[in-house]
């Protein structure tokens, strides 16, 4: 593995993250039912700019992501620029890296800052599981294309007569990997069995996540980084995540049946992330530009790493691969971290990654490293809960984690934090953050 250069501009400026914000996260078909991702993105970027009081023309680039894309708005980033009153000349493009999408957006803006092409930009992501591109069957799609080219009514009727009743049924978005046909939950089940992770361990982690997230809200720790939203019919504000089960008990988790391997499985709806709607964004600048504008950064981006592994086995081990690389590039070890935040796609996936981060054998035989990355101290791990509790609007999760970790680092007097996530396609992402 090749060691990267420090994340600084040509002038030696660090990459500052000056602010971050997100919408509350809502379970599918609840508070944001009928609100498309592009509107959620406009909400959060508009409010982020208003709160920051940064001159509108100071933002030179917006990189935004959306995993479940809508055909009518394929470039969500540009639609956000045009829909929030930003300067129409602002460069804007969209990215997608599955569950690590806003990690990618942040990396892209950081690269523009390091290249010197911009001095300030916004990165983020939004997704809606309530507004989905419902498709049609391949047979109907082909006929519709041919009908559009038909010249006579008779030709059109002949084409339609080829269809069977089942060809007319709507086709929901695929939930399986395109290359393998496996669902993420299938891989989570495989990892639970491979690494000996029990149902009780998974339920305990999920319960911990909900308890810590509920406590974070109760103590007011999230109020500054979560906006209040108003959606049609504008009768009631929506200000807090609605997936968190603050009063649940471990016995409640034990009642649920396995969701993927019905007979022998351990992965349930309760120890997995739910389908969620939401958006999140961060403002990045060069350190000198932040000083010019009189801004006090939340913190700095010290390093990042993206990795890719095979999709047939252990597809969700991205954090175990990307974490050591990000630490190496930051010049740090696991012991140097104040906080370690991992995306909880599934409790099984999270526990498997934690196990392998501390495994000498995995480090030597799989990663080709001399020693294990290191055990993750429970006192530093997902201290405010994780995605199982908050929910997971695919493209927004990374920006949530970055903002949340920087705020918590500042509350603790500063230090280093690492945020990491697995993603579909065997991808992994990790970023090292620094705050004072």
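For all residues, glycine too, the Cβ spot is worked out from N, Cα and C.
Copied over from Swiss-Prot, here are the features:
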- 99: active site, acyl-thioester intermediate (ACT_SITE)
- 392: active site, proton acceptor (ACT_SITE)
- 422: active site, proton acceptor (ACT_SITE)
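Swiss-Prot feature annotations superimposed on the structure.
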| residue | record | CB count, 10 Å |
| --- | --- | --- |
| 99 | active site, acyl-thioester intermediate | 31 |
| 392 | active site, proton acceptor | 26 |
| 422 | active site, proton acceptor | 35 |
- From the Cα of residue 392 (active site, proton acceptor) across to the Cα of residue 422 (active site, proton acceptor), what is the distance in angstrom? 12
- Whole-number Å distance separating the Cα atoms of the residue listed as 'active site, acyl-thioester intermediate' and residue 392 (active site, proton acceptor) is 8
